[in-house]
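According to TrEMBL, the features are:
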type: BINDING; residues: Glu42, Val429, His483; note: Mg(2+) binding site
type: BINDING; residues: Cys61, Cys64, Cys477; note: Ni(2+) binding site
type: BINDING; residues: Cys64, Cys480; note: Fe cation binding site
Amino acid sequence: MKKTIKISPFNRVEGDLEIKVELEDGKVREAYASGVMFRGFERLLKGRDPIDALVFTCRICGICSASHSAACSNALRDAFETKMPANAYLARNIILATEVLLNHLTHFYLFFAVDLVNKKYLGSSANRELTQRFTPFEGSSYSKVIKARANLLGVLGLFAGKWPNTLALQPGGTTRPVNLSEIIRAKGILVEFQNFLEQDLLGSRIERWLENKNLQDIDFWMGENDHQNSDLGFFIRSARRFGLDKIGKGPGKFLSSGGYHLPDGSTWLKSGYFDGEFKPFDEGKITEDIKYSWLKGYKGGRHPYEGVTEPDVDKPGAYSWAKSPRYSGNVVEVGPLARMINDRDCLVLDLVGDLGPSVYTRVLARLHEGVRLLKQLKIWLEEINPSQPFYIKPEKPKEAKGTGLTEAARGMLGHWITIEKGKIENYQVITPTTWNVSPRDSHGNPGAVEEALISTSVEDEKNPVEIAHIIRSYDPCLFCTVHVLKMNKQVVTFELTP
């Protein structure tokens, strides 16, 4: 029997997402992910001074605003052909890594783990403990992570001046130099955050977790001491018990532009494209398709430098405001899993090799990346020399193009700017969620999330938690907004037809 499930808005994600799946005999046959809010920042920027882009683009997203600042300033630095001091690279990496850590915490505890107390799992032996930990507002882990997250924000205050919407990240470096006293304060904040990570999330020292290189190591770690009763331990046990290692495969192709730029021109996390083989990343192979987007202007795929963002609300067949980015014409996944794969992380490569891409491997890769970032943050703090400069003033050209790539929490983020007569002629942005939650392209290929949903078995059409697990494993962020409220109740439309 054929049925259709439509959820609008799909909650506990960043922004306005509508999901429609067509079921046949309890299995998803077709899936459609729709971004139902028009962004239009690209249109706001045309004709402005290039530096104005820094003020506007950091407001594209509240929860990853520093990442947009980084991408924008990278694009401007590329266009201006300017350099940055070594301290600026370190300070920017500290800002970005802290923001990513904040995002990963928010995703796991506030967005994803909530579904582990879904009524589907009431009969589970772990349900009582999961409920005590992860119930929104009341769970024991909820209050702890809110406090840990609030304290970690102090690092952004020291290095970015404020967050969100910092203007400290500029083409020539960072305009918030830090002194030795502030570096010591930042170290203290990280020590306190590490205590939370080790006591509550891991139940072990971070060094002990990072010794895990394969699935067998994780099994041994789970049986060691009381690790299985940590928040991560409960997730690992529950994910396997609930079958989260068997759903949400996706396209099986992974893209990363490389994360955390270093003074020598390299990146701390390697760039690359993985489709079963490791291949070098080539920015020139990125295109955007708009066949199923409420946009007009061209057919087929275009590189962002030639991109157009013109609304067409009456376009036949369109179902999303998102474009359809492709890499060499392929649907790809971006995010922590893609980063860890392309960085050749031993643990994640083994997990994907044994279990394949899944909800479980995607979420575990995100948490694993967070642990790696905390360790690296302390190294970058040690490398800063407060007596050296953080900023070099650039010269602005009249005619130029620039590409700015960075790795935000949810994946590869790109900004492309064209400058003519000293003003912005064209500005295009591809966010991580545009990659993951794109609609179909000109060849009819579903986006990454759509593909991950297809063939999923849904046990209860009135409680399609399997769909929720898959979508939230990508941590989609369509736009920073609040949920619609009416008379103190969240307005969510859930339709099941026929």
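Heads up, the Cβ atoms here are built off N, Cα and C, so glycines get one too.
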Distance from Cys61 (Ni(2+) binding site) back to Glu42 (Mg(2+) binding site), taken between C-alpha atoms, in Å: 14
Close in space, distant in sequence - Val429 (Mg(2+) binding site), Cβ under 8 Å, 6 or more apart: Arg39, Phe41, Glu42, Thr57, Ile60, His68, Ala71, Leu413, Gly414, His415, Trp416
Collapsed DSSP category at Glu42 (Mg(2+) binding site): helix
Number of Cβ atoms other than its own within 10 Å, given for Cys477 (Ni(2+) binding site): 27
